[in-house]
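Here is the structure we will look at.
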């Protein structure tokens, strides 16, 4: 059989030999002995006979259906299987399956000269990649168009790119060798939309999604196709699109990331900065997928609004008092007292010049020219004292939201003493922000960026009068700008707390107590907040007592310590005489004026317990709650139940005395769990046994307690009397000042009966207390 060739040549990469080649030439070039070739020829004939007798299926029998072609991807080795001298067809255009008829005689393998050899799949792909322009036979009618190498293979077989636009692509833009993926078949079988032209699929991008041409899914619903960077849809489960945005994944989806929250085209930070809400904004809109309520719903339902990240700081709520007059607003005795207190009409604040009308919305403000329904005291009658919960007050408050004039008579208090010092949330009118003056109307910031002090609740800035008098040009004031309210506070509770602190501090007229002047609203100190509540008070440029102890403790002597202790006792005695307990005495809340005078400040934790001068009620008064710092808290505050806040202030004064001398605390906490406090209680009991009722020392030796044993002898007595573990046995501030050795202390500060007589105004008599001339100047001055 001269036309036969060895079986091991089938599937090799060598080109076919023509029939004209002689057997001698083939035998010479072959490396296999003749007997072996003869045996292999017998095996080849047996193989061909079984194939022709239908024992071995022809390659056409292995063709799969259209559904199997989409699911089971074919390879080049399957595409190049020869069949009946017919050109290769793509799976989409394959002829219908026909029954194979076996020929009468065996057909040799090389019967067709134009037939391609059966190459292995991997070798064929590598050959196509290395030789893109190689053809099997130049004269073959089934020769393929030139391939584009590895790039074409990756684009068609892996990335499923559409290469129909390329001039070298196969006919009709389809690959004759590689079947398309399932996603490609889904997109191909979907008919294009008649309204929108089909756009080419873009390349991979970093953004999450790209809006392409609109197509229709097999069920007829309009869908937006996605880019290849997103998950490709399948025919069984296409990607769901809603208004141009991808739907949110399920909460348990692993793809739930920050990029899934974006909306529109582009990446997370590519959205335009516009005021219109987006799906990521906190306000709900008809087209957004956010479940947060809209601002209009918040305003209508009165629900509490909590600012946070990516949310507006202040909810836009409609102001019912914007274009109405004060006479048409709801009124009550408490509302009018608050309006009168913050009006500036009393001689509590420095007026300056050019302030004929501090607040046009406040009828008690100087120079108010609006319509006023205030009546004289003779015509007021009993309706002036109507309680806020009475029917008259309720009707007037309910029907005066800007619809008409009120029937409630507006009666101003005669003086500040009629205004309560401790306000409740019901005392605050709903129009409180409109009657409180603006800080910029009277004052101006000295340095808008520098903070003189900062704490958990407020920051301190410096202001001066905007239009001062000739002798007020050098005056400087401290403005305490409060931070925002807590999340669990209402507006009424927040304003009542700030107003109560201001009402207490504005009545302080003592050289050792800081006085407050104005309660204002500002929008410049905290630019992010629309309205910041501020309190204007005396300015102490030398800082607080804690800074003096830390920085200049080595320069302070015995006389300095004694003078400062006496000034603290004086200021605390005055505060207690007004029926007020401070409840937060510590070095941080004791400031130093320009001349070295110590002044107590920060009445945020104070409690109004009785009327001024009521000593009987002061002893029996009780307070509730935990206030202050742990090292300065009295032991009764740390135990459940009520306590007398006046005695708690005396305990705190004893701890401040210890800090002045030793720059440290005697113990961390006044609790039995503290070992130092347990030792102190033992030393105090031993000390009390050797002293008589008047605290006169009988024995020459004292029980050893190092934190107290190093104090001077008279200061030891004062410390044990102030820091008595039993609250009712502690001495008061007045009793401490009456001690003989305390009265002998030379103090640089003037007494409470002496004030600045040359002050510009009556309210500024205690703005900068003078000092006395001493024989030996103190180092803290």
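Any Cβ shown, glycine's included, is placed from N, Cα and C.
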Swiss-Prot annotation of region 'Disordered' - which of the ranges 368-417, 418-467 it falls on:
368-417
Would you mind telling me which one of 58, 217, 253 Swiss-Prot calls phosphoserine?
253
Kindly point out which candidate in 473, 480, 485 is recorded by Swiss-Prot as part of the ATP site with 452, 453, 454, 455, 456, 457, 458, 459, 460.
480
Do you know offhand how many angstrom separate residue 456 (ATP binding site) and residue 584 (active site, proton acceptor) by C-alpha?
14
Look up residue 584 (active site, proton acceptor) in the DSSP assignment and report helix, strand or coil.
coil
Excluding 452, 453, 454, 455, 456, 457, 458, 459, 460, 480 themselves, which residues in that chain have a Cβ inside 8 Å of the centre of the Cβ atoms defining the ATP site?
451, 481
Annotated ATP contacts 452, 453, 454, 455, 456, 457, 458, 459, 460, 480, maximal Cα-Cα distance (Å, integer):
14
Among all chains shown, work out which of the binding-site residues 452, 456, 458, 460 has the most CB atoms within 10 A of its CB.
458
List every residue in the same chain as residue 584 (active site, proton acceptor), at least 6 positions away in sequence, whose Cβ is under 8 Å from its Cβ.
602, 604, 605, 606, 627, 628, 629, 632, 652
Would you count the other C-beta atoms found within 10 angstroms of the C-beta of residue 454 (ATP binding site) for me?
11
What average pLDDT does the predicted model assign to the domain 'Protein kinase' (432-742)?
86
